[in-house]
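Worksheet: the structure to be examined is printed underneath.
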Amino acid sequence: MSSLAQYLRDLDRIHGVSGDEERVAAYMKEQIGPDVDEHFADPLGNHYFVKKGTSPDFKLMLSAHMDEIGFVVSHIDQKGFVYFLPVGYHDSRMVMNQVLTIQTQTGQVKGITGGKPAHVVTPEEAKMAISLENLHLDLGTSSRNETLALGVQIGDYITFDRAGQFLNGTKVFSGKAVDNRSGCAVLIEVMKRLSQMTIAPTVYGVASVQEEVGLRGAGPAAFAIQPDIGLAIDVIFAGGTPGMDERITPIELGRGPAIKMYDWTPSNGHGNNVPKKLTRRLIQTAEKHEISYQREVVLNGGTDAWAISLTGRGALTGCISLPSRYIHSATGIVHMDDLEQAVELIVAFIQEIQEKWL
């Protein structure tokens, strides 16, 4: 197994919902810390890994968010059932009949999401997607006191409980948190390779927090760094599967990372229209080094890049996207070739920047 694949498998095992990323951060520090010139964290929980360049005033920021989507305990009823609210965006259809893990102060507690069985669902109910508010978590307890005795409290975070795996001996990995532990794995490998090189820009590899609940970590990180160039590393929903319209989701698994050209979320105005001078440079680098890549133009694909680009004086910011099927579910999928090509593209891009060209 390659080091990149091992990082992904290790990271996917870790439970780290938005606001509870400490365990992920500890792994990132363990892997990258010894190889960089400087490491520090901020009060919000972002971790910074710094590789110094020959031009200290030329700063480049890489950002991969550590958090995964999940839930938070909101109520425990008298029969011991646990109710929860979403942390990040969920399709409620993906949550029914799942094993979930509650992270308590004393350890992990497992439960099953339940709802009405098919035998008693009305025809009208059968046509409707069950809402998260109508789901409960069954811990096998029979009273509120029994649930409390397990250490479960209001405010405890909940994650999907599913072991990641490579499917049938392929390079395709499925896991509960490929969004965005795949980006974190790429960041680790990039920083390790850069540590052996002489480069012009000083590179800040940021393991950011709370992306899934509003891109909250990357903005303060960019404010602290004031980068000249920013690159987010995140997943993008991939098509190529039954029912997916290639006009809307043309990105496919195994064809290389996607260079983000444009994204916009109409509901809130978030997005990243990447300046042509950056996408042009990334494409030139990919083609020069014969690195496979795709062009990404999407709606509803916001990443840390949006927050970085608008911070302080603004930064020239783009995103290297990792194609992923079934995102925001317990069974997201990525292809290791896409991750490896992303590492190669980012490293080559940084190697070739010898001076500010803004």
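Here the Cβ of each residue, glycine as well, is placed from N, Cα and C on the backbone.
Unlike curated entries, TrEMBL annotations are predicted automatically.
TrEMBL lists Asp179, Glu212 as Zn(2+) 2-binding residues, and of the candidates His75, His90, His328 the one it assigns to that same site is His328. When His39, His47, His65, His335 are compared with the Zn(2+) 1 site residues Asp179, Asp234 in TrEMBL, the one appearing in that site is His65. Within the same chain, the residues at least 6 positions away from His328 (Zn(2+) 2 binding site) whose Cβ sits under 8 Å from its Cβ are Ile69, Gly88, Tyr89, His90, Asp91, Met94, Asp179, listed in sequence order. For His65 (Zn(2+) 1 binding site), the same-chain residues that are 6 or more apart in sequence and have a Cβ closer than 8 Å to its Cβ are Asn180, Gly183, Cys184, Ala207, Ser208, Val209, Gln210, Glu211, Glu212, Gly217, Ala218, Asp234, Asp304. In the three-state DSSP reading, Asp234 (Zn(2+) 1 binding site) counts as strand.
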